[in-house]
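Asker: The structure that follows is given in the form of structure tokens.
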Amino acid sequence: MNFKTLTMQWTGNSLILVDQRKLPHVVNYVECKSYAEVARAIKDMVVRGAPAIGATAAFGYVLGAKEAATLKNQNFIDVMKNVYDVLASTRPTAVNLFWALNRMEKCVDLSKAVDEILEDLEKEAIKIAEEDIRINKTIGTHGQTLLKDGCAVLTHCNAGALATVDYGTALGVIRAAVESGKKIKVYVDETRPYLQGARLTAWELLEIGVETILITDNMAGWVMKQGKIDAVIVGADRIAANGDVANKIGTYSVAVLSNQHGIPFYVAAPTSTIDIKIKNGSEIPIEERSHDEVTHVHGVKVAPDGVAVYNPAFDVTEHQLITAIITEKGILRPPYKENIAKLFGG
């Protein structure tokens, strides 16, 4: 069984990922032949974006199961628990990682032969990947109704095809609007320190012919004040039960600025990103990454020796700042706690 998109390719025995650290000027691929290599690729941000991480982890789980099946002197379930733990430890904030791993774990039927288990797991991983594409396109269909023809949108980080299995969430909304015949202009925050906006989002948008204007993160407020922005759309790595949203660091600042200037602030994400076990944003674990990401830019040191660094990869935007959350099941509006509960049958 094979599967291929821009972000990833499953060969049946390995997972090939486009190396997002090298884009846009170099297109390299990293082939992962074991679950440990998949875990390293997630941790090192070869692949990033909550939905993409989830699907990648699912294929990593398959590779782990294939490896476990060859270990004659070890209990299959014990090995798979370790596979789960290794993959789950890679990126603590993105809930899609745990959602996908839990789904894969539930797929293991010990009443079946190992070969059947492996086949079931491979089918489930491909199903997760294929579902993500359909979900993203549905998010786009719902979300594009919020964008008027000729409007200008600001986005932060990268929530496009590269952050998902394909099509994208926030960029999927923009893409769907363009496909419906609307003319959309997009302002892209560069998104320090990893520059996902400059390197990935700008590249994706230009590839599909969208008018794209790159700005530094500290320009967003001034651009809003000048009346250049009609809406803001971002993705999400985890959404709490009350509607608080964890997303790439800098999202909170953009939300505050949007609120100050009366600009609608939209979040686009699949329902798998909603963690109903988390009451509010204060309970969401925030990953901290290497100091080198702040002190260096593309390997060039820009900060003095000995300077202290704080590098949280995500921040939390309170639900009061969010105009709507766009999901595959429709557009959620306040009160989020009640409407999210209804979405999950509460």
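Glycine is no exception: its Cβ is also placed from the backbone N, Cα and C atoms.
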Asker: Could you look at Gln144, Gln196, Gln320 and say which one Swiss-Prot places alongside Arg48, Gly49, Ala50, Arg91, Asn247, Lys248 in the substrate site?
Answerer: Gln196
Asker: What other residues of this chain sit with their CB within 8 A of the center of the CB atoms of Arg48, Gly49, Ala50, Arg91, Gln196, Asn247, Lys248, the recorded substrate site?
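Answerer: Near the substrate site, beyond Arg48, Gly49, Ala50, Arg91, Gln196, Asn247, Lys248, sit Ile53, Ala94, Cys157, Asn158, Ala159, Ala163, Gly235, Asp237, Ala313, Phe314.
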Asker: Cα distance, Cys157 (site 'Transition state stabilizer') to Arg48 (substrate binding site), nearest Å?
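Answerer: Pair distance, Cα basis, whole Å: 11 Å.
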Asker: Report, as a single number, how many Cβ atoms besides its own are within 10 Å of the Cβ of Arg48 (substrate binding site).
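Answerer: So the Cβ neighbour count for Arg48 (substrate binding site) comes to 26.
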Asker: For Cys157 (site 'Transition state stabilizer'), find which of the recorded positions Ala50, Arg91, Gln196, Asp237, Asn247, Lys248 come within 10 Å, Cα to Cα.
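Answerer: Within 10 Å of Cys157 (site 'Transition state stabilizer'): Gln196, Asn247, Lys248.
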